[in-house]
Amino acid sequence: MDWGTPFASQHTTSQDKASPEKFLSMSSNGVAEFMLGGLATCGAGFFTNPLEVVKTRMQLQGELQAHGQYSIHYRNAFHAFVTIARNDGILALQSGLVPAIWYQFFMNGTRLGTYQIQDNLGLTKDENGNHSFPRSVIAGALAGCVGAVVGSPFYMVKTHLQAKANKEIAVGHQHPHESMSHAIKTIYKDHGAVGLWRGVTAAVMRVTVGSAAQLSTFSEAKTMIDSTQVFKPNSFMTTFSASMVSGIFVTVFMTPFDVISTRLYNQPVSVTGKGTIYSGVLDCFLKIFKLEGIWGFYKGWVPSYLRLGPHTTISLVLWDEARKIYIARTNAKVKS
């Protein structure tokens, strides 16, 4: 199997996929797969975090209120940028950057690393060694589930910090955290380790759906583009084109779960650590649908797409290119 690019579609035999030697070889590179995935998405996260701030504010705006019954502080993505910069300061557009970077590293490092290891072991291919879309969906979903659990505390703290705003433009519950470390210490002191994973159920659904959509459509698009031979083998443009297609599907399928996740993470909690607005994912879903309608699940859709599109493209391109460099250097060391 070619390790030069993720999701290679070349033929592998069932014996090759199952051999102990191959399994040990793949496992020995597991740490590298996690590190490469994490570092690639950290780079993307830095550039797309302002859009994440805008998306979070817009998703919390008019929470459980019908349209026309609440003040609209953010009319659209561009207006939100200007409003936040004017009222909270230009640096507020990078609110929650530290936990966002840590979230990217742990969640996506785990997610992409887990997926790539499954691909390396041939678990995303059929009996003939060809790329299997259904198996890629399952592998992507499993990888997303694991990544969501690992990164959940950082996502919650990121949401709290990004929602924090001056009273004039505040939306949603306002948590008095001063920094990531202050937030983690406060939550742990008040509610223990369990409090740091509050809302993880919604996060698992969000990332599982998003990961399944992203990695399966990326690998499928990459295989189809490769088959057309429009670009040279291992071309940067193949990865770029496939990731652009993937970004569209991720936005469509993940946004409703993203809204639910943001609401559950940001809601105030009682002294026992339970949410005071939503009791869980189903309760949140029903309340949004009843009071805000179907479009309530797509609040912040534009900034979400503007963020997910570039983030998907940047992270997958960086990941793919980083793996090429890593594999090339590894092969060079082996030959020497």
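These residue numbers are counts, starting from 1, taken along the chain as shown.
For all residues, glycine too, the Cβ spot is worked out from N, Cα and C.
TrEMBL annotations: computationally assigned, not manually curated.
The region 'Disordered' annotation in TrEMBL covers 1-21.
If you look up TrEMBL, you'll see 7-17 marked as compositional bias 'Polar residues'.
If you look up TrEMBL, you'll see 32-121 (among others) marked as repeat 'Solcar'.
Residues annotated as repeat 'Solcar' in TrEMBL: 131-224 (among others).
Taken from TrEMBL, the feature repeat 'Solcar' applies to 234-325 (among others).
Across the repeat 'Solcar' (131-224), the DSSP tally of helix, strand and coil residues reads 76 helix, 1 strand, 17 coil.
Sorting each residue of the repeat 'Solcar' (234-325) by its DSSP state yields 73 helix, 2 strand, 17 coil.
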